[in-house]
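Chemist: Sharing the features that TrEMBL gives for it:
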type: DOMAIN; residues: 17-115; note: domain 'Rhodanese'
type: ACT_SITE; residues: Cys79; note: active site, cysteine persulfide intermediate
Amino acid sequence: MAGEPTVLLPELRSLLASGRARLIDVRSREEAAAGTIPGALNIPVSELETALRMEPAAFKALYSTEKPKLEDENLIFFCQKGRRGFQAIQLAQGLGYKGARSYEGAYSEWFQKEG
């Protein structure tokens, strides 16, 4: 996991406060329903590749929000502890999402410090 683009909690707070982050929770729907970072979109990692390959209209119809753009800068993925978040950025980068990053502390840190 070393060398992958990450974001730490202080930067995440700043990006969220300024509206410059697009958060995607890649945990299961059940995990996300139990609690998530405010404003995050839940796309389980098992569905992520299909979702990121969708046409924008189909993505919006399914997720009720605009599809991330390949050029989006702070497309931040997170899971419970980090492993699925890193899988997500590798997948997204492979599809051309250059601004894909992972929240290093994951939801466990957010819940502990912000929850």
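Backbone N, Cα and C atoms are what each Cβ position is placed from, and that goes for glycine too.
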Chemist: By a simple count, how many Cβ atoms lie within 10 Å of the Cβ of Cys79 (active site, cysteine persulfide intermediate), its own Cβ left out?
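Modeler: Step by step: centre on the Cβ of Cys79 (active site, cysteine persulfide intermediate), count other Cβ atoms within 10 Å, giving 25.
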Chemist: Within the domain 'Rhodanese' (17-115), how many residues are helix, strand or coil going by DSSP?
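Modeler: For that range the per-state counts are 43 helix, 14 strand, 42 coil.
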Chemist: Summarise the model confidence on the domain 'Rhodanese' (17-115) as a single mean pLDDT, whole number.
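Modeler: In the predicted model, the domain 'Rhodanese' (17-115) has a mean pLDDT of 95.
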